[in-house]
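Below you'll find the structure, written out as structure tokens, and then a few comments.
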Amino acid sequence: MSRFSTPILLLDGGLGTSLEDLHGVEFSEATPLWSGHLLVSSPSTLQELQSAFVSAGADIILTATYQTSFFGFSNTPRLDGRADVGYSRDEAENYMRSAVTIARKAVSESGRPDGLLALSLGALGAALIPSQEFTGAYPAQYSHWKGLYDFHLERIHAFSSDKAIWEQVDIVAFETLPVLREVKAVREVMGELEREGVNPKKFWISCVFPREDLRLPDGTDVEELVREMMGPGLPQPHAIGLNCTKLFLLRPLLTQFETAITSYLPTTTPPNTTAPSLVIYPDGADDLIYNPHTKTWDPVVAVSGDEGVKKPWDEQVWEIVREVEARGVWGRVLVGGCCKTTPGDIGKLRVRIDGA
């Protein structure tokens, strides 16, 4: 039986914010790799935190590669005493690949031989300084999907070109995508890997919804997004959904996702009767909002639309998962936490899942 056949799979939580909040790690413009900086500075700390997520009950651990990029490594001050700034392409590849090894060790050494590993690949905006995954305000060379395709293909090749590393990856996570053309780009990338003869991997696509009008930062609505995620002619994602989004937006967004997927699938040729899985991993701080310029979490003046905002995070998420299961639209549910969620939060969600 496939390890992906479980009705609910639990993801880990916010890696970068947990490094800050629980391990005292500080990030700045001198650390453009964010949590990936620890691949260079302190891999043992990284493994310790990922092991904590496994011990808390996470079924899937994401690698510390969300913000990594070749240009990010080239702009990172060296820690080996050399005066020049930046790491070479070969060095960057080795560090990125080490993220897979570290995450796999965290899984295997925490007594979870059946644990799954997701290769975390954030949006282009996550690699920019300041970050732009919440705005989609990309430089001109990325105004067409082909520029984004080139970025994502170059990065994923760092992993797919090493057979031993690629075999350790169970699923690829394209995360926090803010613009419609980036959804097309990552599906084109997975198609290119197939043409290259690379061992195919499951993948998910999750987008970010920072706006209360329930649209992507580029203005795309959910119906158009789902068509781009699931359209014919390109590899189909195992799961689609959202991450790094406030909890009070989840219910209305999921209503739109379910309406879109149930109306779209029968129109395909031939009609598709199998829905993908749903992936949701919202933020853990409805009262805070991330400031990409200061790299701090600032208080939100007011939060609207959620009478249950004072409930614990895990209780709110679990209520939503139960509602999703009851409606029966999706193949299965992948659920976890994004920014400001800790191993403690994931552990509480594990208890709720196991107690159902």
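Just so you know, the numbers here start at 1 and follow the chain as drawn.
Here the Cβ of each residue, glycine as well, is placed from N, Cα and C on the backbone.
Copied from TrEMBL, the annotated features are:
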type: DOMAIN; residues: 1-353; note: domain 'Hcy-binding'
type: BINDING; residues: CYS244, CYS338, CYS339; note: Zn(2+) binding site
Binding-site residues compared (CYS338, CYS339) - highest count of Cβ atoms within 10 Å: CYS338
Other same-chain residues whose Cβ falls within 8 Å of the Cβ centroid of CYS244, CYS338, CYS339, the recorded Zn(2+) site, in sequence order: GLY14, THR17, THR176, ASN243, THR245, TYR281, PRO282, ASP283, GLY284, GLY337, LYS340, THR341
Assigned conformation of CYS338 (Zn(2+) binding site) - DSSP reduced to three states: coil
CYS244 (Zn(2+) binding site): secondary structure state under DSSP, collapsed to three categories: coil
Stretch-averaged pLDDT - the domain 'Hcy-binding' (1-353): 93
